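Engineer: After the structure tokens below, expect a handful of questions from me.
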Amino acid sequence: MTITPQEALQRTIEHREIFHDEMLHLMRLIMRGDMSPVMAAAIITGLRVKKETIGEIAAAATVMREFANHVEVQDNSNFVDIVGTGGDGSHTFNISTASMFIAAAAGAKVAKHGNRGVSSKSGSADVLDALGVNIDLQPDQVAASIAETGMGFMFAPNHHPAMKNIAAVRRELGVRTIFNILGPLTNPAGAPNQLMGVFHPDLVGIQVRVMQRLGAQHVLVVYGKDGMDEVSLGAATLVGELRDGKVHEYEIHPEDFGLQMVSNRTLKVENAEESRTMLLGALDNQPGVAREIVTLNAGTALYAANIAESIADGIQLAREAIASGKARAKVDELVRFTQQFKR
């Protein structure tokens with residue numbers, strides 16, 4: 001039984017759930033551009049007001065994956081995405097992007113899915129661009145990049161063309177909607193493992209259970225209690241972990257790993273150029289908060305990728321990748337590899 005957009009809107013007004021098959025139908029209408037902008041705006045606002053359920057988010061992510069331009073990766077072992085929802089308002093340098101280079105240097109394969117900054121001063125696409133990486137690759141070129149360098153960056157607009165059908169609505173609404181949390185759930189390379197940062201503590205338990213429904217393998221969803229969508233040095237971090245089909249929720253602290261709790265204030269940047277400088281400083285093994293926080297996040301990603309037995313082991317591997325110069329060398333390797341596809 002399909003549901004009309006009007007019926008769906010009424011359901012959200014009454015704070016009742018839209019069922020899985022109904023949500024699939026509604027999302028397909030939106031992604032095809034077959035729903036009027038007024039109805040699309042009303043429904044996604046209604047969902048936000050009543051609070052989206054795990055089932056609704058999982059169905060929406062399923063459709064977004066259907067409509068994506070996929071990257072076919074042959075070998076799925078130790079394959080991870082490091083991503084944040086963004087929108088945490090912290091304006092820090094690109095910690096997850098720096099972590100990608102370290103994780104790849106330690107043997108993970110990383111499919112990073114990102115965009116230019118919307119809420120942040122520098123999105124992952126902005127800082128990679130500033131580093132000299134060609135971010136505008138076709139899906140087969142991204143697959144080649146992952147196979148060759150252990151890293152691939154998927155520029156969201158190239159992989160989710162159907163999003164243009166809702167872009168104007170989202171821009172005009174100007175508030176967070178379900179689409180703000182779908183990005184990290186819709187990796188076009190289908191990475192089975194993930195380190196996902198979220199902008200609200202409630203999303204830790206929600207997003208990890210959505211990933212469970214979507215068939216992911218090893219996922220850590222994190223929220224720093226100082227408001228960061230990363231594993232934080234400035235506070236405890238809430239973790240939702242999916243492993244072997246089961247979800248566990250717990251808290252970790254920097255001191256658990258022999259790290260000092262320090263404010264993230266010094267990590268703030270104004271633009272992609274400042275982010276680039278801080279990222280390279282951390283990878284060049286310059287002592288400081290930037291190096292420590294990327295070590296912590298890359299270590300967590302290596303645990304998610306099943307290269308490390310624990311976060312603590314991952315941190316040790318991350319330290320070695322930085323100290324040996326391998327992590328810094330990965331930047332030059334990705335620049336060289338992607339520049340050959342410059343159009």
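Glycine is no exception: its Cβ is also placed from the backbone N, Cα and C atoms.
Features from Swiss-Prot:
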type	residues	note
BINDING	Gly84, 87-88, Thr92, 94-97, 112-120, Ser124	5-phospho-alpha-D-ribose 1-diphosphate binding site
BINDING	Gly84, Asn115	anthranilate 1 binding site
BINDING	Ser96, Glu230	Mg(2+) 1 binding site
BINDING	Arg170	anthranilate 2 binding site
BINDING	Asp229, Glu230	Mg(2+) 2 binding site
Engineer: Using only C-alpha positions, which one of Gly84, Thr92, Ser96, His113, Arg170 is spatially nearest Asp229 (Mg(2+) 2 binding site)? These are the binding-site residues in the record.
Structural biologist: Gly84
Engineer: In whole Å, how far does the CA atom of Thr92 (5-phospho-alpha-D-ribose 1-diphosphate binding site) lie from that of Arg170 (anthranilate 2 binding site)?
Structural biologist: 24
Engineer: Quick one: of Asn115, Arg170, Glu230, which binding-site residues lie within 10 angstroms of Gly84 (5-phospho-alpha-D-ribose 1-diphosphate binding site), measuring between C-alpha atoms? Sequence order, please.
Structural biologist: Glu230
Engineer: Compare the C-alpha of Ser96 (5-phospho-alpha-D-ribose 1-diphosphate binding site) with the C-alpha of each of the binding-site residues Asn115, Arg170, Glu230, and give the closest one.
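Structural biologist: That would be Glu230, nearest by Cα distance.
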Engineer: Cα-Cα separation of His113 (5-phospho-alpha-D-ribose 1-diphosphate binding site) and the residue listed as 'anthranilate 2 binding site', in Å?
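Structural biologist: Distance between the two Cα atoms comes out at 20 Å.
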Engineer: Compile a sequence-ordered list of residues in the same chain as Glu230 (Mg(2+) 1 binding site), six or more apart from it, whose Cβ lies below 8 A from its Cβ; state 'none' when nothing qualifies.
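Structural biologist: Glu230 (Mg(2+) 1 binding site) has long-range Cβ partners Gly84, Thr92, Ile95, Ser96, Gly197, Val222, Gly224, Ile293, Asn297.
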Engineer: Find, among the binding-site residues listed as His113, Arg116, Arg170, the one whose Cβ has the highest number of other Cβ atoms within 10 Å in the structure shown.
Structural biologist: His113
Engineer: Which Cβ among the binding-site residues (Thr92, Ser96, Asn115) has the fewest C-beta neighbours inside 10 Å?
Structural biologist: Asn115
Engineer: If one measures from the C-alpha of Asn115 (anthranilate 1 binding site) to the C-alpha of Arg170 (anthranilate 2 binding site), what distance in angstrom results, rounded to a whole number?
Structural biologist: 15
Engineer: Could you tell me the C-alpha distance between Arg116 (5-phospho-alpha-D-ribose 1-diphosphate binding site) and Arg170 (anthranilate 2 binding site) in angstrom, no decimals?
Structural biologist: 16
Engineer: Around Gly84 (5-phospho-alpha-D-ribose 1-diphosphate binding site), how many other C-beta atoms are within 10 angstroms of its C-beta?
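Structural biologist: Counting Cβ neighbours of Gly84 (5-phospho-alpha-D-ribose 1-diphosphate binding site) within 10 Å gives 27.
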